[in-house]
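Undergrad: Positions annotated as domain 'Xylose isomerase-like TIM barrel' by TrEMBL: 23-273. The feature Zn(2+) 1 binding site is assigned by TrEMBL to HIS67, HIS107, GLU142. Summarising the annotation, TrEMBL assigns Zn(2+) 2 binding site to GLU142, ASP176, HIS211, GLU256. Marked as Zn(2+) 3 binding site by TrEMBL: HIS179, ASP224, HIS226.
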Amino acid sequence: MLYIGNHTSSSKGYEAMAKQMIKNGGNTFAFFTRNPRGGKAKDIDPADVEKFRILIREQGFGKLVAHAPYTLNACAAKENLRVFAKETMAEDLNRMELIPGNYYNFHPGSHVGQGTQIGIEKIADVLNTVLTNEQSTTVLLETMAGKGSEVGGTFEEIKEILDLVEKKDKMGVCLDTCHVWDGGYDIADHLDEVLEEFDRVIGLKRLKAIHLNDSQNEMGSHKDRHARIGEGKIGLKALARVVCHPALEGIPFILETPNDDDGWTAEIALLKDQYAAGLEKRNL
Ligand code: FE
Ligand code: FE
Ligand code: ZN
């Protein structure tokens, strides 16, 4: 089963987001838990959430991948920024219980000159503060491009964070194809080897979601500029192999490509075709 959708820009409520995704041909999606640049979260309408839950159950949606605001920096040097990160994540995780059992993805953060090791420890500290035994949400660390002082640009750094988290069963990883490519992992010509490396360093059972993006830049550029599927340096063939890879079967694929709904509709249709063709090949 292929679960695919896009990061929806809609902010008209949960039911509206799901309806838009059905229009786009998708069966999962991502959304910001609040304004991507931070700020207060909107009040949730319980009637909207109820309609939404019925709709996605009927339509057989895969797990959703909520995204924390970009401004959240769990390893900021300034304490007030780390307090903001803790408060925001704790509040978001609380709200996520209205739609239980889904994913909450966040960027590990930027160490802003403190060094990677300090960054890793601070990120783990935030997670050890906010994770609860009661939560049904799995929190995902996103693999990063290693731009500037970003932490999480290598599988090793992600693994080091996970090692320091106490409630490991609440944690997973979201692999962003643009980010790992920009980070120096050759998913275009050596996908099997990259996934083997992921398995060796982190463990494939921790891989819970894929952000499916092409990249405007060369492998190892550490830039993080997403391109539409097939319009970047990774290319359609390679991204289709990602979608069809047996090791990634059943996990949600989220497009974060620079598009409008028409563009995402076309990309979703294209990748569904590629998946169907890949399945046929596998079954020969
Ligand atoms: Fe992201
Ligand atoms: Fe991403
Ligand atoms: Zn990105």
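All residue numbers here begin at 1 and follow the chain in the order shown.
Every residue, even glycine, has its Cβ placed from backbone N, Cα and C.
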Undergrad: What binding-site residues in the list HIS211, ASP224, HIS226, GLU256 lie within 10 angstroms of GLU142 (Zn(2+) 1 binding site), counting C-alpha atoms?
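TA: The binding-site residues passing the 10 Å Cα test are HIS211.
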Undergrad: Within 10 Å of the Cβ of HIS226 (Zn(2+) 3 binding site), how many other Cβ atoms can be counted across all chains shown?
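TA: I get 23 for this one.
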Undergrad: Take the domain 'Xylose isomerase-like TIM barrel' (23-273) and average the pLDDT across it for me.
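TA: That region's mean pLDDT is 97.
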Undergrad: From HIS67, HIS107, ASP224, HIS226, which binding-site residues have a C-beta atom under 6 Å away from some atom of ligand 2?
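TA: The ones that qualify number zero, so the answer is none.
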Undergrad: Could you tell me which of the binding-site residues HIS67, HIS107, GLU142, HIS211, ASP224 have their C-beta within a distance under 6 angstroms of some atom of ligand 3?
TA: ASP224
Undergrad: Where the criterion is a Cβ under 6 Å from an atom of ligand 1, which of the binding-site residues GLU142, HIS226, GLU256 meet it?
TA: GLU142
Undergrad: Which whole-number value in Å describes the distance between the Cα atoms of HIS107 (Zn(2+) 1 binding site) and ASP176 (Zn(2+) 2 binding site)?
TA: 11
